[in-house]
Structures are given as C-alpha cells and as structure tokens.
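So that you can see what the record holds, here are the features copied from TrEMBL:
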- B:8-118: domain 'Gfo/Idh/MocA-like oxidoreductase N-terminal' (DOMAIN)
- B:127-254: domain 'GFO/IDH/MocA-like oxidoreductase' (DOMAIN)
C-alpha cells in the first residue's frame with residue numbers, strides 16, 4: 001500500500017525511517033516547512049507534495065505527524081477521502097474532538113491508528129506480560145517516570161502553547177497514562193500538581209491515579225532536564241513481587257563521547273535497545289493490521305481514554321482538587 | 001557519659017547499641033525491656049546489661065537515653081526519662097498523635113532536658129550534598145521533588161510495626177516522616193498542603209494497616225513534591241528497601257539514591273536469594289555522635305522536637321487526606 005507522511009519534523013523523520021521496515025511504499029510527504037520537507041525527501045528518496053489534498057490523492061494510508069491542534073481537521077479530511085489514518089499522539093486536544101475523529105473513521109470505513117508508541121517498547125511490553133501472567137501477584141503501586149527536556153525550537157515553539165499541544169501533561173505524559181491504564185484498567189480518581197517556569201510553561205508534573213480495581217499509580221512527567229537528558233522508568237509493585245526498570249541502568253553498549261552544546265535533538269525521544277526500534281515495530285504492527293483487517297493492539301479509543309486522563313490531570317492542576325471520573 | 005536504651009522494641013536499637021559500645025567517652029549502661037523472654041535474648045545476643053523495668057535503668061543515673069519503644073509508647077518513656085533528668089534521643093515518628101507529642105515537649109521543658117528526634121538521613125553525606133546543591137542555588141528554581149522511601153513490610157523483624165494500636169498506622173506512619181523532614185530541611189520551609197492515597201494493597205487480610213501510599217505535598221516556598229511511603233518491596237527484595245529523592249530544578253537535577261553504595265551478594269544460604277550489602281559510612285553513627293555532643297556541649301541538638309512534630313503533622317495529615325479524599329492544609 002502507498003503511504004504519505006504529513007509533517008517534516010522529528011516525528012516525521014522517525015516515522016519515515018520506521019516505514020522503510022514495513023514493506024509499504026512511502027511515496028512522499030507534505031509540510032508547511034518546505035526546506036525541511038525537501039531535506040526529508042532527499043534523505044528518504046520520496047516526493048514533496050504541495051498540499052495535504054494532493055498527498056491524500058496519491059496514497060492509501062496517511063501518517064499524520066504534525067502539531068496536535070491540526071490532527072482533527074486532517075483526520076476528518078482523510079476519512080472523507082476514504083484513506084486509512086495513522087495519527088501521532090495525543091489523538092486530539094479534547095475528548096469530544098477525539099470522539100468525532102473516531103466516529104468519522106468508523107463511518108467512512110477506514111482504519112484509525114493512534115501512535116501510542118510506549119506499548120511497543122520491549123521493556124514495557126515485557127513488564128506488562130509478566131504482570132498479566134501473575135508474576136507479581138495483584139498490582140499495588142505503579143510508578144512511571146518520563147522526564148525529558150523542553151522541546152527546542154528556533155521559532156514558534158508550539159509545544160509551549162497549551163492551545164496547540166495541550167502542554168507537557170497532555171503531550172508527554174499521555175504515554176504513561178495509557179500504559180498505566182493498560183495495566184490497571186479504568187481510573188476512578190486523579191490528583192495532580194504542576195510546576196511552571198516563569199514564562200508559564202508547565203515543566204514538571206506529578207500525578208496520582210487511583211484505579212477502580214484498587215491499585216494506585218504515581219506518574220511523573222517533565223520538560224525539566226538539561227537538553228539531551230531523557231529519563232524513563234517503571235516500578236510495578238504487586239502482592240507477590242516487583243518489576244523495576246530504569247533508563248539509568250547501563251545498556252548493553254555505552255558510548256563516551258564529548259558533547260557540544262546545541263547537539264541535543266530538538267525533541268527528546270527515549271532510547272530503546274539495539275535491534276528493535278519501537279517506532280518501526282509500531283508502524284509494522286499498524287500496517288499489518290490495516291492489510292489483514294485484524295484489530296490494533298492499541299485502539300484509537302485507548303488513545304482517547306489516555307487523553308481523558310491527561311485532561312483530568314490538568315483539571316486537578318487547575319482546581320487543586322482530586323477529580324473523579 | 002552514661003547512656004541507656006529504653007526498650008528494644010524498635011529494630012534500630014540493635015544498630016545503636018553497636019555504635020555506642022565503641023564510641024569514645026561513652027558508657028552504654030544497658031537497656032530496659034518489659035518482655036522478659038525477648039530481653040533475655042537481646043541481653044545474650046549483644047552482651048548488654050538488661051533492666052526489666054525502665055525505672056530501674058533510669059535509677060542508674062544516666063546522662064541520656066535513646067527511646068526505642070513502639071511508637072505509641074514514646075510519651076510514657078519520654079516522661080519517665082525527663083523526670084529522671086535524662087536528655088532524650090527519640091525514635092521516629094515521635095508519637096502517634098499530636099496531643100501526645102505536645103505532652104512530650106511539655107515534659108522535657110518542665111524538667112529542663114533536651115529532646116532530639118532520630119532522623120538519621122540528615123547525617124548522610126549524600127543527603128547533605130543534595131541540600132547544599134539546593135541551598136547554593138545550583139539547581140535554580142526547583143520545579144519539584146520526587147521522593148521515595150520504600151521498604152518491605154517490617155513485621156518479620158518486629159510485628160508491632162504493622163499493628164495499629166502500637167505503631168499508629170502502617171507504611172505512612174513508618175516512612176512519611178523521613179521524607180517530610182528532608183523536604184523541610186532542604187528548603188527551610190514547611191509543608192502546607194497534603195494529598196494522599198493510602199490503602200492496604202499488599203497484605204489485605206493479613207494486617208489491618210495501610211501498606212501502600214502516595215502523597216503529593218506542597219511546601220510554603222511553592223515547591224511541590226511526591227512521597228511514596230509504600231511497603232512495596234517484596235520480602236525477597238535484595239535489601240530492606242531504599243530512600244531516593246530526585247530534585248528537579250530549572251538549572252538542573254540532582255538524583256539521590258542514599259543507599260546506592262552496595263555490593264550484590266548471591267549466597268546459597270543467605271536470608272535472601274540476592275542481597276545488596278551496603279558499604280560506606282552509616283548515618284546512624286553520625287546522628288548518635290551529634291546526640292552525645294549536644295549533651296556534652298549543653299546545647300540543643302541539630303534535630304529538635306519541633307522537627308519530629310512537624311513531620312508527624314504531615315503523616316497524620318496524610319491519613320486525614322486519604323479518608324476525606326481532599327487536600328489537607330497545614
């Protein structure tokens with residue numbers, strides 16, 4: 001099948017590399033940033049399309065890697081054109097928008113995959129597998145960490161604009177909201193606090209989730225570290241055992257190089273192992289399911305429920321009170 | 001300098017006696033313990049003189065005592081020690097309710113003795129380095145602190161830790177005070193708001209106290225912090241648990257793992273299949289040295305009754321918050 005990418009930033013580049021491992025035909029991209037798009041096209045040997053409409057005509061699947069506030073209109077347009085959709089997380093900025101997008105794709109009979117990539121990281125998958133096999137008994141307290149650095153943009157940093165990105169709690173922490181829900185099921189109560197820098201940007205948040213089935217979770221998220229530092233960790237404690245993992249632990253290969261300032265990627269991405277790139281695994285899975293008609297392991301509804309948790313956390317931050325769901 | 005240990009109920013008494021025995025200028029006179037069978041065991045195990053009644057030990061004419069009873073019996077022993085004119089180092093939490101804690105202070109004041117709260121982590125060089133980094137402004141404005149004091153359930157060592165009447169609660173009563181104290185000390189600020197989820201998620205049906213707990217607290221300087229006080233390490237974890245704090249600031253982050261210095265031991269007949277055996281200085285020793293120095297120099301110890309009291313307020317606020325499902329203001 002033919003695939004086109006919308007966007008030319010960090011995620012577009014990561015996805016383009018991932019698509020090369022799927023067997024799909026990557027025909028091109030479209031972007032508001034022509035120079036950036038031209039560089040991407042040169043690297044991956046595909047075309048730059050002048051508009052989203054033109055790209056849609058040329059593909060079977062569109063992969064939307066643009067700022068979050070643009071997701072809804074693009075997904076609706078793709079559904080209207082009868083094209084399958086891969087969409088970067090977060091699905092949207094409001095639950096209602098996400099619902100509309102899911103319904104539009106259902107009505108149009110196209111597949112809609114929200115790229116919740118953490119579900120494709122091998123350590124997170126294995127940890128869940130061990131939990132579901134009962135290796136640590138009944139889940140008690142989950143601790144999930146995802147603390148990175150502020151996204152670096154030379155102009156118009158849309159990440160810092162909550163109206164376009166949802167802010168750090170929505171953009172970054174949604175991964176762990178989804179993962180926690182994957183393990184703990186539905187959430188009963190959310191309490192959260194957020195520290196902002198003087199410019200008003202949310203930089204560091206701590207969220208407590210209480211699940212209907214009993215467990216609790218502490219989710220820590222941040223755009224807080226110096227550029228280049230991205231730390232993730234999970235700690236799952238149950239009645240019969242414990243699973244611990246941290247990105248601080250030594251990997252199979254450690255490199256010691258001199259870093260110059262400004263060398264950090266513009267947006268922090270967690271590093272996985274050597275062989276399996278989770279972004280490639282994610283796209284391989286989505287592509288296989290679109291081809292075969294099999295259900296996705298992570299549904300657009302899951303993406304929406306994670307957004308619901310992120311928005312509840314934001315509400316708790318705003319009101320200073322726990323939010324019941 | 002004559003020192004005694006009032007009750008061996010708290011497992012820290014075992015560590016304290018070892019340090020006191022080889023501290024220059026200090027005579028460990030002995031310990032008192034009401035349970036005769038246990039007393040005999042400890043006396044034999046550590047070669048210490050045992051007094052069946054606390055009054056008998058206090059009648060020996062001591063300069064200072066260490067109160068190592070069950071939490072809910074601290075007031076009783078502190079009053080006895082104060083009346084005997086002994087300076088006091090008291091295990092944490094200093095009591096299980098605020099009225100009793102206030103009564104302890106009154107007893108010390110009335111008898112002119114000084115009271116030190118046993119917060120050993122303040123004496124760990126790693127913890128002191130974190131405080132310096134914060135206070136020298138090296139982290140810039142602090143965005144938040146992620147605090148963890150995990151352990152296994154301590155009932156295998158001392159059953160009363162998981163008994164409400166004697167301990168005043170479970171994991172929250174056991175662990176919150178350590179991190180609450182460090183937060184107060186790092187920032188020279190008070191904790192002003194507490195939200196907590198507490199429950200018995202790990203040993204339902206086995207104990208009737210909380211074993212899991214997560215808190216978000218706010219400090220008077222605007223800093224937010226999380227505290228995980230859970231007894232969430234399994235009894236086959238390589239060590240009793242750990243104390244970790246991550247201070248995230250606009251200018252950088254500092255990550256504390258206070259017990260990171262360890263060897264990993266795999267012993268066929270060890271108490272655990274894999275164990276982490278710590279090395280380096282023991283903060284308990286530096287804490288005891290400060291207690292002894294404060295008596296010798298006739299001055300307030302660096303950790304006071306108020307430090308123990310403020311930390312206890314936070315732990316009690318956590319129980320209140322968990323019950324009311326709302327933020328408790330202090």
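Residue positions begin at 1 at the first shown residue.
Yeah, the Cβs are placed from backbone N, Cα and C, and that goes for glycine too.
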Summary of DSSP states over the domain 'GFO/IDH/MocA-like oxidoreductase' (B:127-254), given as helix, strand and coil counts: 37 helix, 44 strand, 47 coil
Reported in the order helix, strand, coil, what are the DSSP residue counts of the domain 'Gfo/Idh/MocA-like oxidoreductase N-terminal' (B:8-118)? 53 helix, 19 strand, 39 coil
Whole-number mean pLDDT, the domain 'GFO/IDH/MocA-like oxidoreductase' (B:127-254), equals 95
